[in-house]
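Below is one structure; the comments refer to it alone.
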Amino acid sequence: MDSKLPLLGEVKSQYGTLEESMSDKMPFQASLSHGFDDGVAKTKVPAIALVGDSDSSSSGEHCHKDRGNTIDQAARRKLITASVLCLIFMLGEIVGGLLSNSLAIATDAAHLLTDFASFMISLFSLYVSTRPATRRMSFGWYRAEVLGALTSVLLIWVVTAVLVYLAVLRIISDDYEINAEIMIISSTIGVIVNIIMGLTLHQHGHSHGNSHGHSHENSFDPENGLSHSHSSAQNINVRAAFIHVIGDFLQSVGVCIAAFIIYFKPEWRIVDPICTFLFSILVLMTTFAILKDTLRVLMEATPKGMEFTDVLDILHRTDGVLRVHNVRIWALSMDKVALCAHVVMSK
């Protein structure tokens, strides 16, 4: 017996939209058996189980899959390029921060760490999305993306807390010197590298026409059932990475300005720990948004942009449906929306 089970999204693509799934063509008239030959998990109540993140038209499924694979490869190349640039410059800023004795440079390196972690999570999510569901992992590996995001947030908090502690010690002791020349060189290179990374990701985000929007939220179309504002997950990943790069670009500009201030006014070296405080707040603000999204997924909350009443309405308006109960809507990952329900149908 093959241990691989069809993922819920495959059920959707096989039977079409939500309304089509509820028609008399759908083979859920007596029971639903989730692929087990021994009849385990059967239920006398007809049920549906769908995941919505792609086009629901069966006639265009093959074309959409080919296009999605091509875009996946393009997204992977863009993210790998940005990751390599980010890692190289992050290591360079760590060295520059040590040589210049600048905490602001070190904080900028910490922000680069958030970018690098974001890139790695995006790449990992693209990888795990290709792994099939099994009996042991019946929903696939999508939650690995969420766990990776949560781990990176905790790591960033620890690094930021250490930098803030060192900044407080500097202000209290006022016994430190900063090499402004190295600080200027490091921050200027940072601005250039962030521009390059931004252009790399920005080109991808706008190179596929109007069919690939830029909203992060899921949506529910009463005419078409479950849908997602992106036609594939990598748009979300690349756009999120682009937003991270914008934040780091602004921080690099701030470090560059602080470096020139210290260069012309060495007695104003307190600007360095002050920048550390400001940039630490910026780093934490970016992680709060990630933390909120990951907690929503882990708590299996109804995804943003999807109204529970709208889902019930489309189910009740479907021909042959007498009663709907035990409706559950949750997210497997940042962009994979799942739905299950017990449906009583007329004979």
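Numbers here mean position along the shown chain, with the first residue as 1.
Every residue gets a Cβ built from N, Cα and C, even glycine.
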State the residue range annotated as transmembrane segment by TrEMBL; the candidates are 178-201, 298-321.
178-201
For a three-state summary based on DSSP, what are the helix, strand and coil counts in the domain 'Cation efflux protein cytoplasmic' (303-346)?
9 helix, 20 strand, 15 coil
